[in-house]
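Asker: Take a look at the following structure, please.
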Amino acid sequence: MVSPDTIRTAVGVLGNAIALVLFLSPVPTFFRIWKKGSVEQFSPIPYIATLLNCMFWVLYGLPIVHPHSVLVVTINGAGMLIEISYILLFLLYSQGRTRLQVFLMFVASLISVGIIGSLVITLAHTHERRSMIVGIICVVLCIIMYASPLSVMKMVIQTKSVEYMPLFLSLAAFFNGVCWTAYALIRFDPYIIIPNGLGVMLATAQLLLYAIYYKSTKRQIEARRNKEEMGLAEVVVMKENGTNKVGAMGVTNGR
């Protein structure tokens with residue numbers, strides 16, 4: 001008979017795979033940013049929140065804080081590196097005030113993790129106490145990470161468009177939350193259950209919004225494309241008319 005620990009490990013490995021997909025799901029978004037040379041209306045908040053979340057989960061999973069948490073450390077360590085690369089791209093293709101805000105949030109995240117980690121390891125002298133302190137912080141940050149798309153969801157409702165709420169990110173967040181909730185239920189861990197359970201609900205809300213506004217988004221994109229094509233056609237006609245006038249003037253002067 002398969003032991004609960006074996007099942008938990010298997011679910012954890014699956015959770016790592018899904019979480020990796022979650023971390024990589026913004027790749028199409030950043031390919032678009034790179035291609036256009038602009039961050040457009042994409043928000044940096046989800047990536048800053050995810051980075052901060054990953055760094056604290058790495059701290060939580062360290063043997064000196066919460067032993068036997070290799071799966072937690074590996075996936076969040078990978079996520080940390082991936083999110084840093086996204087933020088660097090955001091800094092590269094943003095401008096002015098937005099770039100400064102992203103930079104300050106990035107630096108503040110690094111400093112906060114360093115300070116809190118040092119204080120916890122120095123002042124809390126047992127694994128239980130360290131796990132509790134860092135675990136509570138992780139719960140709060142994980143909730144913020146899952147709630148960070150709320151601003152985007154508000155924009156979706158206002159504009160009736162899901163163009164700037166990537167579907168892959170919402171799907172990955174949903175399956176990631178389901179998997180890690182199951183992982184924490186096998187051997188009860190409230191620090192993992194609470195944020196991931198909430199994450200499932202928020203991701204479900206995003207998917208519902210996507211289903212509601214998908215058709216209206218397609219109509220808006222099509223209308224914008226047609227408007228751009230019409231504008232281009234008008235420019236071409238104006239240029240052709242200008243060429244004809246110049247030609248006519250040349251003939252008159254020749255006479």
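Cβ atoms here come from the backbone N, Cα and C positions, even for glycine.
Below are the features listed in TrEMBL for this protein:
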TRANSMEM  6-24  transmembrane segment
TRANSMEM  45-65  transmembrane segment
TRANSMEM  71-93  transmembrane segment
TRANSMEM  102-125  transmembrane segment
TRANSMEM  131-152  transmembrane segment
TRANSMEM  164-186  transmembrane segment
TRANSMEM  192-214  transmembrane segment
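On this model, are these features tucked inside or out on the surface, and what's nearby?
Answerer: With a cut-off of 8 Å between Cβ atoms, the residues of this chain six or more beyond the transmembrane segment (71-93) that come close are 9, 12-13, 15-16, 19-20, 22-24, 26, 30, 33-34, 37-39, 44, 47-48, 50-51, 53-55, 57-58, 60-62, 99, 102-103, 106.
A Cβ distance under 8 Å defines the sequence-distant neighbours of the transmembrane segment (102-125), meaning residues of its chain 6+ beyond its ends; these are 44, 48, 51-52, 55-56, 59, 64-65, 87, 90-91, 94, 133-134, 137.
Sequence-distant contacts of the transmembrane segment (164-186) (same chain, six or more residues past either end, CB-CB distance under 8 Å): 4, 7-8, 11-12, 14-15, 18-19, 21-22, 25-26, 28-29, 40-43, 46, 146, 149, 152-153, 155-156, 192-193, 196-197, 199-200, 202-204, 206-207, 209-210.
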Asker: Where else in the chain does the transmembrane segment (192-214) make close Cβ contacts, counting only residues six or more beyond its ends and a cut-off under 8 Å?
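Answerer: Contacts with the transmembrane segment (192-214): 138-139, 142-143, 145-147, 149-150, 153, 156-157, 160-162, 165, 167, 170-171, 173-174, 176-178, 180-181, 183-185.
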